[in-house]
Amino acid sequence: MSQTRDLQGGKAFGLLKAQQEERLDEINKQFLDDPKYSSDEDLLSKLEGFKEKYMEFDLNGNGDIDIMSLKRMLEKLGVPKTHLELKKLIGEVSSGSGETFSYPDFLRMMLGKRSAILKMILMYEEKAREKEKPTGPPAKKAISELP
């Protein structure tokens with residue numbers, strides 16, 4: 001058995017998350033200074049919330065969310081997607097490779113006016129949602145509406 005075993009895995013993970021948080025704070029500062037997003041209400045709290053969510057699903061701390069992390073994120077949000085849908089979503093959001101997307105891509109997606117990924121999620125949600133049947137007595141019909 002090795003004598004040089006590192007028993008501080010939690011400490012190393014904490015340092016990794018602290019470094020990641022510093023990097024994301026720098027990116028948040030860039031978005032706060034960007035005039036494109038200056039009209040957004042409560043931008044600081046939105047960015048903080050997005051940072052927390054991003055850190056929750058960027059488990060390896062490399063700064064990118066891959067397809068499996070996105071799948072887990074959407075499942076946790078109650079919007080599970082197929083592998084093909086996820087690939088399309090990442091392709092639309094990603095500014096670089098088609099396999100992952102970065103934190104700035106994530107912020108542009110979330111802060112954009114009805115972004116592509118949000119539109120796709122809403123579209124799939126509408127398709128999945130069944131029309132509710134009206135309850136109560138049927139509405140009265142006029143003679144002209146009868147067959």
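Backbone N, Cα and C atoms are what each Cβ position is placed from, and that goes for glycine too.
Model, not experiment: these values are computed from the prediction.
As recorded in Swiss-Prot:
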BINDING   Asp58, Asn60, Asn62, Asp64  Ca(2+) 1 binding site
BINDING   Thr100, Asp105  Ca(2+) 2 binding site
DOMAIN    45-80  domain 'EF-hand 1'
DOMAIN    81-115  domain 'EF-hand 2'
MOD_RES   Ser2  N-acetylserine
MOD_RES   Lys11  N6-acetyllysine
MOD_RES   Ser39  phosphoserine
REGION    128-147  region 'Disordered'
Average model confidence [pLDDT] within the domain 'EF-hand 2' (81-115): 77
Measuring Cα to Cα, how far is Asp58 (Ca(2+) 1 binding site) from Asp105 (Ca(2+) 2 binding site) in Å? 14
Chain residues outside the domain 'EF-hand 1' (45-80) and at least six past its termini with a C-beta under 8 angstroms from it: 16-17, 19-21, 23-25, 28, 31-32, 86-87, 89-90, 99-103, 106-107, 110-111, 121, 124-125
Looking at the recorded positions Ser39, Asn60, Asn62, which one has the fewest other Cβ atoms within 10 Å of its own Cβ? Ser39
Cβ-centroid neighbours of Ca(2+) 1 site Asp58, Asn60, Asn62, Asp64, 8 Å, sequence order: Leu59, Gly61, Gly63, Ile65, Asp66, Ser69, Thr100
Least Cβ-crowded entry, counting other Cβ within 10 Å, from the recorded positions listed as Lys11, Asp64, Thr100, Asp105: Lys11
By the DSSP assignment reduced to helix, strand and coil, which category contains the residue listed as 'phosphoserine'? coil
Among the binding-site residues listed here (Asn60, Asn62, Asp64, Thr100, Asp105), which has the Cα closest to the Cα of the residue listed as 'phosphoserine'? Asp105
If I take the Cα of Asp64 (Ca(2+) 1 binding site) as reference, which of the recorded positions Lys11, Thr100, Asp105 has the closest Cα? Thr100
Cβ-Cβ neighbours of Asp58 (Ca(2+) 1 binding site) (radius 10 Å): 22
From recorded positions Lys11, Thr100, Asp105, the one whose Cα lies nearest Asn62 (Ca(2+) 1 binding site): Thr100
Please list the DSSP helix, strand and coil residue counts for the domain 'EF-hand 2' (81-115). 20 helix, 3 strand, 12 coil
Please spell out the DSSP helix, strand and coil residue counts for the domain 'EF-hand 1' (45-80). 23 helix, 3 strand, 10 coil
